[in-house]
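Report on the following structure.
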Amino acid sequence: MPTITLPDGSQRSFDHSVSVAEVAASIGAGLAKATVAGKVDGKLVDASDLITNDASLQIITPKDQEGLEIIRHSCAHLIGHAVKQLYPTAKMVIGPVIDEGFYYDIAYERPFTPDDMAAIEQRMHALIEKDYDVIKKVTPRAEVIDVFTARGEDYKLRLVEDMPDEQAMGLYYHEEYVDMCRGPHVPNTRFLKSFKLTKLSGAYWRGDAKNEQLQRIYGTAWADKKQLAAYIQRIEEAEKRDHRKIGKRLNLFHLQEEAPGMVFWHPNGWTLYQVLEQYMRKVQRENGYLEIKTPQVVDRSLWEKSGHWANYADNMFTTQSENRDYAIKPMNCPCHVQVFNQGLKSYRELPMRLAEFGACHRNEPSGALHGIMRVRGFTQDDAHIFCTEEQMQAESAAFIKLTMDVYRDFGFTEVEMKLSTRPEKRVGSDELWDRAEAALAAALDSAGLAYDLQPGEGAFYGPKIEFSLKDCLGRVWQCGTLQLDFNLPIRLGAEYVSEDNSRKHPVMLHRAILGSFERFVGILIEHYEGAFPAWLAPTQAVIMNITDKQADFAAEVEKTLNESGFRAKSDLRNEKIGFKIREHTLLKVPYLLVIGDREVEMQTVAVRTREGADLGSMPVAQFAEFLAQAVSRRGRPDSE
């Protein structure tokens with residue numbers, strides 16, 4: 001009979017096979033009521049599952065991350081229950097958990113509307129109020145097929161076909177509704193009260209645009225109403241910061257159907273973009289990078305040699321000319337190897353750091369495009385470091401330091417790092433992987449940085465570090481990458497003459513800090529809600545006159561500031577000064593300079609910030625010095 005060992009080391013013995021729920025009840029009524037599932041010897045199981053042998057057990061409640069994910073998964077099944085009651089001819093497809101929520105894909109004869117979504121949510125709440133138990137039945141394969149055949153659930157039958165080795169499957173019953181899943185799921189609908197459906201979208205069966213289109217209902221679920229309310233507030237704040245809305249309001253860019261996934265930069269947005277590029281150019285030059293420029297359209301033969309044609313062709317834009325196939329480059333690395341290959345290099349010339357603001361194009365599915373965050377045409381702050389094995393650690397450490405400095409300049413102080421190590425299928429010897437992984441780990445350790453280890457998540461050609469920024473809303477954006485590559489230099493014939501006069505292949509470090517410029521601008525827009533630090537603001541100061549009598553001096557101040565290297569504009573319109581101040585405050589201009597008769601007489605400007613602070617009157621030279629200090633701080637706090 002089983003003896004159950006709990007996380008605190010205490011043990012409970014039973015004279016019969018015992019369910020997770022029974023163990024919880026033996027500990028206390030409160031825990032029994034809160035039990036969502038269990039973890040038996042490290043494996044998640046349903047609360048109703050029996051434990052027949054000695055085992056360790058952790059009771060899973062809504063306070064646990066696993067409990068929250070189970071609640072979300074069960075909410076997806078609840079969508080199915082509600083949809084089948086309201087729209088009996090709908091066909092249910094799949095309903096997985098995603099980050100902070102869930103969705104269900106459904107085939108139906110017409111598009112769902114917001115009114116439909118409201119009706120589905122209302123029905124889900126009504127079902128929850130019935131407080132019914134969710135029943136799990138492990139069912140033989142043939143019976144599963146009979147169940148879904150009788151219900152006309154064609155997609156479920158296709159999913160069963162995808163699992164030929166499964167002789168028994170878990171069926172979960174929500175009253176008359178049944179769904180197929182490995183589980184676990186909540187034992188009762190009382191756990192599902194704190195949910196909300198969030199949006200509708202299209203999807204394709206198996207994610208393939210060639211297949212039939214489905215409808216996707218998204219939702220979120222939390223452990224309690226307080227967590228749900230906090231999430232909704234965060235989402236509302238994120239919507240306020242939507243880079244597409246702010247981009248239009250601040251006249252930064254636009255997108256249009258004739259060029260899907262391609263950005264039309266307006267003067268304000270292009271100014272911001274150029275500030276980023278000029279900053280990165282300066283940083284890279286100061287850190288020993290050599291800037292290059294490579295072609296955008298390259299013959300198929302190079303992509304075949306690099307392996308991209310075989311593995312990436314569906315994502316490449318291609319064209320033909322004079323019976324030759326070409327691809328618009330989706331990435332820069334093969335072209336950078338071509339630059340390295342011009343003339344045999346000596347070990348004395350390594351490391352060689354080649355950088356390019358490389359324009360790339362990828363044929364992303366139209367449904368995946370999102371503003372300037374997910375586009376088809378983009379530019380990367382891309383660079384490749386060609387070095388010896390002995391130089392891997394030093395180059396990695398230097399890059400990590402540079403990356404952290406850059407992020408601080410943009411105002412990001414919380415950075416998450418992941419170190420991904422060797423997968424099962426890989427090139428290169430175990431000894432080489434040992435050295436490469438040790439080099440990246442040592443580089444992170446030497447910088448005093450914490451990181452998450454991702455075993456088996458590296459590319460087949462080398463381990464990597466990913467850098468993810470946390471913005472003001474706590475959202476995480478993966479931006480920087482440091483990827484070691486043992487494969488591409490061999491495939492493309494990159495060699496150098498080593499110290500012993502033999503020829504060796506260099507190690508290639510793919511690296512980016514910002515990633516896509518377009519996406520990084522989108523992140524900045526949302527992080528700052530368009531109120532960029534002075535060094536990034538498209539217009540750093542606007543000069544406004546009160547009456548026409550001050551127009552000449554206002555124009556003179558504008559000229560002085562622009563000649564001093566700042567981005568200043570004057571607003572000489574015949575409008576009330578309050579109107580002008582409000583307009584430029586909404587346009588997020590950092591500094592508003594007001595000129596009246598007194599300022600003309602004293603040769604000063606009255607300075608206000610966009611936040612409404614009155615900095616008083618000061619000579620133009622003093623303001624220029626003040627602005628220069630603000631610009632030099634970049635995005636770092638005043639204390640740094």
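Along the chain as shown, residues are numbered 1 onward.
Just so you know, glycine gets a Cβ as well, placed from its N, Cα and C.
The Zn(2+) site recorded in Swiss-Prot includes His384, His510, and the single candidate from Cys75, Cys181, Cys333 that the record places there is Cys333. Shown in sequence order, Met331, Asn332, His336, Val337, Asp382, Ala383, Gln483, Asp485, Leu488, Met508, Leu509, Arg511 are the same-chain residues outside Cys333, His384, His510 whose Cβ sits within 8 Å of the Cβ centre of the Zn(2+) site. Among the binding-site residues Cys333, His384, His510, the residue whose Cβ has the fewest other Cβ atoms within 10 Å is Cys333.
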